[in-house]
Amino acid sequence: MSHTDELEISSENDMRIKGKKEKEENKTLISNKEGNRKHLRLVDRSGHIDISLKKATSEYGDKINSPFHLLIRLPWKALLPIIIFGYLVTFLFFAALYYPKMSDMHMEHPSFWNCYFFSVHTQATIGYGVDDPGYCTYSNIIVMFQVLVGIFEDAICIGLLYRKFSQPESRALTLLFSKKAVICKKDGIPTLMLRIMNLRRKQLVDSNASLLLFQKRSELQKTNKNEKEKTEINIESNTESENNLNENNENQNINENINENLNENSNLNQNLNENLNINENLNQNINQNINQNWVEEYQLQKLEIEMVNSDDSLLALPCTICHKINQDSPLFQQTKESLVENCCEFIVILEGMDQITADSFQARYSYLPHDIEWNHHFVNIVSRNYNGLYEVDGKNFHKTIPLKAD
């Protein structure tokens with residue numbers, strides 16, 4: 001047995017154990033220092049997106065809860081009993097319709113159970129030549145309807161089973177993501193790195209990887225924006241008040257001897273002052289609303305990446321996805337504490353097409369701040385064996401080692 005076969009067999013065994021471990025890892029929470037609230041992953045370790053649609057299920061339930069998609073998402077242990085139960089209900093339903101007229105049918109031993117088995121033989125088009133509907137018009141009409149129902153039921157079940165077998169979700173499970181991400185210097189630049197490996201020998205077609213940063217907007221950003229908006233509003237208010245005062249002074253100089261105009265101007269000034277007070281109150285209300293709306297604001301950013309040891313169209317060797325943390329990066333000058341405070345989550349998405357079935361699929365994985373090891377790098381797992389072939393050490397795929405101190 002070649003090393004590649006051993007790697008594929010061992011990876012399949014690891015996938016069986018992977019589900020149990022991921023159930024515990026999926027429960028990982030991010031603590032929020034602002035309160036006692038805790039946050040689950042947006043994308044869990046099995047690639048599923050955890051979102052609660054508040055009030056959407058009741059308003060758009062007919063679009064969300066499609067029967068076909070509900071059945072497709074069911075596991076095999078739930079789908080197969082539903083299909084079998086559906087056939088049994090159909091057999092029993094038509095047996096109950098045959099039962100009242102069984103004496104008019106050519107049935108050797110009339111009974112409900114014989115009507116039931118006659119229903120099974122009719123829908124499965126099994127002709128044993130013993131029982132038949134005879135010349136009973138009622139029974140022949142029921143036979144006709146049962147044949148039509150059986151055709152539709154077979155078509156639905158075959159479509160479900162085929163779609164269940166051919167769905168690309170199983171292909172996404174054969175892509176292995178490193179359990180940890182690392183941040184270390186690469187070419188003198190701090191770089192965020194993670195690994196991806198294809199566990200099957202069949203390669204992917206038109207693969208494409210992307211890295212997203214999901215985080216909560218920081219207090220500094222919120223405060224700066226609020227202060228900026230408040231300053232702009234105050235400047236506009238001061239400008240309006242200065243213009244009004246200048247106009248009043250000109251009117252007073254021109255119309256010094258006209259008391260009526262002075263009274264009108266004084267009344268106008270009072271109205272302007274009242275309007276300014278109203279504007280200040282509105283500004284305070286606007287600032288309060290801005291602060292309230294920005295408390296729970298989250299943003300999703302796409303990070304620039306490069307793929308090492310691979311290409312977008314080929315994923316033959318284990319691939320390292322790198323994001324350089326320079327001045328243009330959202331991670332610039334970030335620390336471990338700031339990543340935790342902002343509830344940061346790194347989501348890696350790999351899209352591609354299976355070489356055999358030509359089905360497109362998407363594999364997802366996520367990293368929380370405690371999943372990132374600082375000043376570590378991945379162990380090299382690619383080498384050449386004595387035959388000159390490239391060899392991948394799958395046992396050390398997740399292994400990282402600390403950098404040596406300078």
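Every residue, even glycine, has its Cβ placed from backbone N, Cα and C.
TrEMBL: automatically predicted annotations, no manual curation.
The annotation region 'Disordered' is assigned in TrEMBL to 1-26 (among others).
Here TrEMBL flags 13-26 (among others) as compositional bias 'Basic and acidic residues'.
With helix defined as DSSP H, G or I and strand as E or B, the domain 'Potassium channel inwardly rectifying transmembrane' (43-168) counts 86 helix, 4 strand, 36 coil. For 43-168, the entry in TrEMBL reads domain 'Potassium channel inwardly rectifying transmembrane'.
The transmembrane segment annotation in TrEMBL covers 78-99 (among others).
Sequence annotations record features per position, and here TrEMBL assigns transmembrane segment to 111-130 (among others). Among residues of the same chain six or more beyond the transmembrane segment (111-130), those with a C-beta under 8 A of the stretch's C-beta atoms are 90-92, 94-96, 98-99, 102, 105, 143, 146-147, 149-150.
Sequence annotations record features per position, and here TrEMBL assigns transmembrane segment to 142-162 (among others). Sequence-distant contacts of the transmembrane segment (142-162) (same chain, at least 6 residues past either end, Cβ-Cβ under 8 Å): 68, 71-72, 79, 83, 86-87, 90, 94, 97-98, 119, 122-125, 133.
Positions annotated as domain 'Inward rectifier potassium channel C-terminal' by TrEMBL: 175-243 (among others).
Residues or ranges marked as compositional bias 'Basic and acidic residues' by TrEMBL: 223-233 (among others).
Under the heading region 'Disordered', TrEMBL lists 223-251 (among others).
Sequence annotations record features per position, and here TrEMBL assigns compositional bias 'Low complexity' to 234-251.
Positions annotated as domain 'Inward rectifier potassium channel C-terminal' by TrEMBL: 295-402 (among others).
Counting residues of the domain 'Inward rectifier potassium channel C-terminal' (295-402) by DSSP class, helix then strand then coil, yields 12 helix, 50 strand, 46 coil.
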